[in-house]
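S.K.: Below are the structure tokens for one structure; questions will follow.
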Amino acid sequence: MKYVVGVDLGTSAVKTLLVSQDGTVKAEATREYPLYHEKSGWSEQEPEDWVTGTLESLKGLVSGSGVSAEDIEGISFSGQMHGLVLLDADNRPVRRAILWNDTRTTEQCREIERTLGDKLLSVTRNPALEGFTLPKILWVRENEPEAFAKASRFVLPKDYVRYRLTGEIHMDLSDAAGTLMLDVANKTWSAEVLRAFELPEAFCPPLVEAGGFVGTVSAEASASSGLAASTKVFAGGADNACGAIGAGILKPGLTLCSIGTSGVVLTYEPDASADYAGKVHFFNHGKENAFYAMGVTLAAGYSLSWFRNTFAKGESFDSFLEGVGDIAPGADGLLFTPYLVGERTPHADSVIRASFIGMDGAHTRAHFARAVMEGITFSLNESVDLFRQAGKTVDTIVSIGGGAKNPVWLQMQADIFNAEVVALENEQGPGLGAAMLAAAGCGWFPSLDACAEAFVKRSTSYRPDPARAARYAELFQVYKQVYGATKGLNESLAAFRK
Ligand SMILES: Nc1ncnc2c1ncn2[C@@H]1O[C@H](COP(=O)(O)OP(=O)(O)O)[C@@H](O)[C@H]1O
Ligand SMILES: O=C(CO)[C@@H](O)[C@H](O)COP(=O)(O)O
């Protein structure tokens, strides 16, 4: 039997999956790493932690599986998007990586809008948002000129890890799309954007397709990972593109909901013709010549883990969420908005913060936990709503990510989205998508679609309950008012933040 490995370089941890030719997940391993929040709105990671975590996770995966390294034919990657890794001439990071959920760059976003005008949407297909990479590059240039002077080029998180495994530097189109420097429809670095910000083309790595073959594992990485040096390495893609591949979102009409640290609602786009006027993100897919549109909730799973870590540190999610299913929809009048680190869709706002509205002396911890899960899901429903308003039919949604581990949450998604919600046998969509890029790259299948037929295994399906869906539709109208009602208050409170 032959195998491939999918590496999912997430925000909280790196997860590795060993998958056999019939799509069975033979082994899994994971390593966590820290996040650094030095100031309100800042979020950084140490690139070396990703490398150490990945190598240790691979070593545990290979040795724990009992599979011979020689039988692992290929490896590919899924990576947290947008994070800026600036490299010096010897490809060493010049500072910590600035992550996708770091919102220090509001000023640089306004500068990008002023400089590019209409070109911003027509070329990059996206608005300037704090999480994207170009504003981070401008921030470092303006605020840390000494670090910037050392930088020869930039890469994204998984590109740096892949470089340390192969010695080769590349960036794939699905991840490059999140930099705000890619001409998304034409699949090239935008000379216009680079010129406007006086960035040389050499600052950007060579572009490849997500399924592109980029080399083999170096002797050094082979020794520290346990992989054979003959293992073929394929570029890999953005975590949301890989999540879509791993959930079989490879043709029109299919929608994904992912609740990881962030949350996304994503729909497949067969070409670059759709125009959402920048209300949702529009990126290149990991499947060649395809695209996807998505809305993003910045603090989805993060809201629940923040709540658990703050009020019940050390408890498992399963025990923490016990009793949540016994509480009626609406948590007896308690509403939560998940704006812990600002928001992206539908309110691109780095100043807004979260709220609990309607606290009552009768509310228990389980009411708060339910309200957090409902608030996250309402936020994702704002993206579902945007797609429906744009004319898309959203009747079936494949749900992945840590949030899909809990059946109460899956039923809640069905009731709030008013759509059938389908779970997969393994909720680790991005890691599976990465493994699928390697499996197709190794020639096991003629296409990613053919690979999906064998690898994507649907499990339980959750249908909306009409009474609960009607109740949630009513409450959603109240939820939508909380943003406007708390915006001004949060602007006044911003001066009191760290
Ligand atoms: N058993 C569970 N029940 C409900 N939610 C869970 C459970 N396990 C994890 N989660 C949620 O999933 C999130 C992590 O999802 P994951 O897909 O692993 O994230 P990432 O890829 O961003 O590191 C956590 O923050 C938590 O909110
Ligand atoms: O910023 C985005 C998408 O635009 C995030 O989705 C990141 O890609 C990180 O995702 P997770 O760690 O939640 O998977």
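Each Cβ is built from the backbone N, Cα and C atoms, and glycine gets one as well.
All annotation found in TrEMBL is predicted automatically rather than curated by experts.
What TrEMBL lists as active site, proton acceptor is Asp239. As annotated by TrEMBL, substrate binding site applies to Met81, His82. Annotation comment: TrEMBL describes 3-246 as domain 'Carbohydrate kinase FGGY N-terminal'. The feature domain 'Carbohydrate kinase FGGY C-terminal' is assigned by TrEMBL to 256-440. According to TrEMBL, the feature site 'Important for activity' maps to Asp8.
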S.K.: Considering the recorded positions Asp8, Asp239, which residue's Cβ sits among the greatest number of other Cβ atoms within 10 Å?
M.R.: Asp239
S.K.: Counting only residues 6+ apart in the same chain, whose Cβ is under 8 Å from the Cβ of Met81 (substrate binding site)?
M.R.: Trp100, Leu156, Asp175, Gly178, Ala238, Asp239, Asn240
S.K.: Return the residues near His82 (substrate binding site) by Cβ distance under 8 Å, restricted to its own chain and a separation of at least 6 in sequence.
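M.R.: Those within reach of His82 (substrate binding site), by Cβ under 8 Å and sequence separation of 6 or more, are Leu99, Trp100, Gly131, Phe132, Thr133, Lys136, Leu156, Gly178, Thr179.
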S.K.: If you run the three-state DSSP split on Asp8 (site 'Important for activity'), which class comes out?
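M.R.: Looking at the DSSP assignment, Asp8 (site 'Important for activity') belongs to a strand.
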S.K.: Scan Asp8, Met81, His82 for recorded positions whose C-beta lands under 6 Å from an atom of ligand 2 and note them, or write none.
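M.R.: Among Asp8, Met81, His82, near ligand 2: Met81, His82.
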S.K.: Within the domain 'Carbohydrate kinase FGGY C-terminal' (256-440), what mean pLDDT does the predicted structure show?
M.R.: 96
